[in-house]
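What follows is a set of notes on a single structure, which appears directly below.
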Amino acid sequence: MSIATQVHRKTRADLPATGTAPTHPRLVAWLDEVVDLCQPDAIHYCDGSDEEYEQLVTVLEEAGTVVRLNDEKLPNSIYARTDPDDVARVEDQTFICSEDERNAGPTNNWMAPAEMKRVMTKLYDGCMKGRTMYVIPFCMGHIDAKDPKFGVEVSDSAYVALSMRIMTRMGVEPLKAMTDTDADFVPCLHSVGMPLEEGERDVAWPCSETKYIVHFPDERMIWSYGSGYGGNSLLGKKCYSLRIASVMARDEGWMAEHMLILRLISPEGRKYHIVAAFPSACGKTNLAMLEPTIPGWKVETLGDDIAWLRFGDDGRLYATNPETGFFGVAPGTSYETNPNAMRTIAKGNSIFTNVGLTRDGDVWWEGMTKDKPEDILDWKGRPWSGSTGPQGGRKDEKAAHPNSRFCTPIEQCPILADDYHNPQGVPIDAIVFGGRRENTIPLVTQSRNWKHGVFMGATCSSETTAAAKGAVGVLRRDPMAMLPFIGYHVADYCQHWINIGKKADEAKLPKVFYVNWFRRDDDGRFMWPGFGENSRVLKWIAERVDGRAEAVETPIGFIPAAGSLDVEGLDLPEEDLRAVVSYSPQEWHDEVPRIGRWFDTFGWRLPRELVDELRNLEVAVGRAPSSMW
Ligand SMILES: Nc1nc2c(ncn2[C@@H]2O[C@H](COP(=O)(O)OP(=O)(O)OP(=O)(O)O)[C@@H](O)[C@H]2O)c(=O)[nH]1
Ligand SMILES: O=C([O-])CC(=O)C(=O)O
Ligand SMILES: [Mn+2]
């Protein structure tokens, strides 16, 4: 990577440094290269301590990037506003740079690794001038796991360092474990892409118009440039734990998935472990912390975004959460919809980004309270009032950006399951896929078997949300909710799912379900109340796992038989209930060709098993099988 073009380039030895420099030989060599390339003014080796947190908050405060929130309301918490153009993941600028283009597949952007490195090396050259470079050692998953997954992020953003401390096991402990075992690590290079010339004043949220979020799956390396926003800059999260880890998982026989993990406990005390894959901003965080409305049932949280699934010695699949925090969507989160998220945040130690700020140093966002506040600052820093909108803006402009987020430690979650601390994870009873569909997809469907479950996952679709830059509400296929996160060819990824099924006893495999909380009526209203009421669906799933609840077989799988879904005390007209639960032959008649067109994009690598499933479905809904297959 080194391009020593100038004469007076600084080396690591020239830089003022704070913290303890690492000794891990390959890390040392890599840091030397990064310094040579990026030319920071100073270097800080993160230890993850409370004192460091304090120092970095002060640095960010002085730079105008964050303000400290009211200590009585949200102790030890801070508030950040991003550049209005740096608010979400940038999928258009996200690349999988495999050596062979065919391994990136039709769903990823690709550039030859050597070419991408040329482009980015130019951008990185001198990109940290005037800034401090933070060295952030971390581990995704337990440090004492059988095969711990280490990484080191180098970033010129203190906001990133602080967020990584919440979201990952970060600092001296992972560094020591990595060094003691001479373990490999994923090098993660991040820069906001805004060097400062001598004497140049910084802006509150430095970033660049040019953005690249790049993965080198063959080398297991991540390069990110130009954005400070979470999903683009906290490289342990989506970049490592999904895109790079999905490639590791393919090679090592496990699965890295975009899933929440929860434990459901019946009134009799029977425990069920459920993982659920929904696209970004489609309800993972909410379901993970749900408060059941049905008496006697309880939910405990294990994770809200990412699950790593491995076979245990007993032949069952076990799930662990590689993260240590929640990076959750703020709008819509309230004591009514997600009280456990509110309680987690209320303990403080959190970072809030792009929400509204009250005059007394508290946060507010749409949906948090019924009444809108009168005099706060919006996410752009303008005075904002619930009745008139922002000063100088339109009345309907929101106080919080739709993708504004809270970043908060998982250990503060009042319903965290004890097994969160268990490196083995929990044995999975059910896998649930879901998406945001205004029609076609019923409230809950169970697959006939694993293979049919993989078909369900592979054909998942959802209307796009504000979590990624681009139009909102556009229907797209989102296989296993992994469309923007699969680090290789989508067809090979689906094949990997099928192969996982072949490795196990069907009886030991989790049962597979597909849910949709988002069906709408003719007036565009959600028909299903959702949130805590989703416990009724979880209960049906648990009873299906036990082979108890009754179901009706339809061409798309099993749906609840009349009376098998617990609706006691549910305030929902009978005809609405029927509409959300039912299978609509007409809608599926229209859906099938859309699935065919989606599979067409896979090319010749499309797994045979998926073709067979589509054929069966075509026949079952009364369409002639497409001649293509
Ligand atoms: N109508 C309805 N909306 C829901 C439900 N669950 C969540 N939502 C809304 O969906 C949006 C996103 O929910 P989250 O739980 O944050 O989604 P997520 O999948 O964790 O999103 P990421 O963190 O981006 O991966 C919020 O505005 C929620 O209020 C539900 O059951 N019904
Ligand atoms: O990655 C992010 O920016 C936030 C997130 O969880 C998602 O988009 O799914
Ligand atoms: Mn979430």
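Every residue, even glycine, has its Cβ placed from backbone N, Cα and C.
Annotations in TrEMBL come from automatic prediction, not curation.
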In TrEMBL, GTP binding by ALA281, CYS282, GLY283, LYS284, THR285, ASN286, ARG405, PHE531, GLY532, GLU533, ASN534 extends, among ARG243, ARG250, ARG436, ARG437, to ARG436
In TrEMBL, substrate binding by TYR229, GLY230, GLY231, SER280, ASN403, SER404, ARG405 extends, among ARG89, ARG536, ARG544, ARG548, to ARG89
Here the 10 Å Cβ neighbour count for ASN403 (substrate binding site) comes out at 25
Filtered by Cβ distance under 6 Å to ligand 1, the recorded positions ARG89, SER280, CYS282, GLY283, GLU533 reduce to SER280, CYS282, GLY283
Three-class DSSP assignment, THR285 (GTP binding site), comes back as helix
Here the Cα-Cα span from LYS238 (Mn(2+) binding site) to PHE531 (GTP binding site), rounded to a whole number of angstrom, reaches 25
The DSSP breakdown of the region 'Disordered' (375-401) into helix, strand and coil residues is 0 helix, 7 strand, 20 coil
Distance filter, Cβ under 6 Å of ligand 2; input binding-site residues GLY230, ALA281, THR285; output GLY230
Ordered by sequence, the long-range same-chain Cβ contacts of HIS258 (Mn(2+) binding site) under 8 Å (at least 6 apart) are LEU242, ALA277, PHE278, PRO279, LYS284, ASP305, ILE306, MET480, ALA481, MET482, PHE485
For ALA281 (GTP binding site), the number of neighbouring Cβ atoms whose distance to its own Cβ is within 10 Å equals 22
